[in-house]
Amino acid sequence: MHNRMTEGSPLKLILMFAMPVLLGNVFQQFYNMADTMMVGRILGVDALAAMGATASVSGLVLGLNIGLAQGFAIPIAQYVGAGEMDKVRKAVAGTLMLGLIFVIGITVIALVTGIPVLKLLGTPEEIMGMSIEYIFIIYGGLIITMMYNMAASILRSYGDSRTPLYFLILASLTNIVLDYVFLKTLHMGVGGAAIATLISQGLSVVLCVLYIKEKTRFLIPEKEDFQWDREMLKAQLSLGISMGLMNSIVSIGSVILQSAVNKLGAVIIAGHTASRKVIEMFMQPLISIGVTATTYVSQNLGANKLERIRKGLHCCTAISFVWSTFCILISFWGIDFILALVVDAKEVQVIATARQYFKINVFFFYALSVLFIYRNALQGLGKSQAPIFSSCIEMIVKILATLLLTPSLGYLGVCYTEPIAWILMAVFLLAAFYRDPRFILGKKR
């Protein structure tokens, strides 16, 4: 379903586009939540800690993949907004070529450096074996992750946010079933959880490819579209590397912060892991609005409708603030029940740790909302420097927290690290966006 975002009510269009993206993101989180719930309840706290110890490292690699795929696809949305379908197909071809080249290199590097990085982070010896098993399986399937993100990004850039959702729902249900079979019935350990995730993602890839082939053949490049277009590929590389670096820089900070968490013991690691899984689920509406902002801004930039961009971003902010308020209410009423779904209620210390992290972080969702919206809006405008610099701010804050806050405050220092980064990044990104005279004075391009 093609959703042109250059005409009609911005609020309605944003909600219509964001809802399938949100549901898709939520079901994608179910991959991780299903792993966490099954591992925590079936395999125990040590296995949960083993997965948690790999989270920041695997997040770095997966975030790089996702950022590359999304960035490569941004010109597709710009050409859709301009109505240049011949360039749309060439941009699709460029996305596929660049994505496959990059994922091969990333996979090799990730596999070679996997064990040294886990040791460098101080992963406890008692969980090291399980951590290595889990992360190597995830790294081995990076090409599956890249293929799905390329297919989904291509469809979303064209305005179709529903189709990836339908396939993710089916894949998520498959993931839950496979988790139970691999962990409870076949006793495959944490490796079984990783294999279940990859099989489920592979199903999404197959379904996306079949859909594009049967229903949206106009997106399939012809042979001549795969010829190198220097200017187009330069733009795609700039945006892809920008978004990939943005995610990676953030993740590098997370890896360093994870090293501080790892030193606090298996109970803290398990509680931090459980809370991260839950809070990431509550972040999904904010992330989805940010993803929507990229497509909305890109299409309207292509159509030269700058006033619509400003109005649309105001709508995005209002929606995100409403959700942030709801999350704060949940932190007072309901968080213990939600955490008990992930961790056995008998694990009192683990739940107390998870509760502390959630309650502190959720109060700063307003800053996180602004961060997601304006970082993606700047990417949609083709401006890559400010988002990268904002990610550097987050990395620096996490490094300083690891060196200064955590040694003096313990886990409380970990809890306050990201909120501090969110506030600084939000202020920087707002300033970067509104420095553009087109959005201060409403000048035409």
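The backbone N, Cα and C atoms fix where each Cβ goes, glycine too.
All TrEMBL annotations are machine predictions without curation.
Quick caveat, the model's predicted, so the values are computed rather than measured.
According to TrEMBL, the protein has these features:
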type: TRANSMEM; residues: 12-31; note: transmembrane segment
type: TRANSMEM; residues: 51-80; note: transmembrane segment
type: TRANSMEM; residues: 92-115; note: transmembrane segment
type: TRANSMEM; residues: 127-151; note: transmembrane segment
type: TRANSMEM; residues: 163-183; note: transmembrane segment
type: TRANSMEM; residues: 189-212; note: transmembrane segment
type: TRANSMEM; residues: 233-258; note: transmembrane segment
type: TRANSMEM; residues: 278-297; note: transmembrane segment
type: TRANSMEM; residues: 318-342; note: transmembrane segment
type: TRANSMEM; residues: 354-374; note: transmembrane segment
type: TRANSMEM; residues: 386-405; note: transmembrane segment
type: TRANSMEM; residues: 411-434; note: transmembrane segment
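Contact check: the transmembrane segment (386-405) against the transmembrane segment (12-31) gives fewer than three Cβ pairs closer than 8 Å, residues 6 or more apart, which falls short of the contact criterion. Looking at which of 51-80, 163-183, 189-212, 354-374, 411-434 has the most CB pairs under 8 Å to the transmembrane segment (233-258), the answer is the stretch 51-80.
The highest tally of CB pairs under 8 A with the transmembrane segment (127-151), across 51-80, 163-183, 189-212, 354-374, is held by 189-212. Count of Cβ pairs under 8 Å against the transmembrane segment (354-374): among 163-183, 318-342, 411-434, the largest is for 411-434.
In this chain, the transmembrane segment (163-183) lies apart from the transmembrane segment (92-115): fewer than three C-beta pairs between them fall below 8 angstroms, excluding pairs fewer than 6 positions apart. Remote same-chain residues near the transmembrane segment (189-212) are listed as 31-32, 34-35, 38-39, 43, 47, 50-51, 130, 133-134, 137-138, 140-141, 144-145, 147-148, 151-152, 154-155, 163-164, 167-168, 170-172, 174-175, 178-179, 182-183, 219-220 (criterion: CB distance under 8 Å, separation of at least six residues from the stretch ends).
Beyond its flanks by at least six residues, the transmembrane segment (12-31) meets 3, 5, 152, 156, 159, 161-162, 164-165, 168-169, 171-172, 175-176, 197, 200-201, 277, 280-281, 284-285, 287-289, 291-292, 295-296, 312, 315-316, 319 of its own chain at Cβ-Cβ distances under 8 Å.
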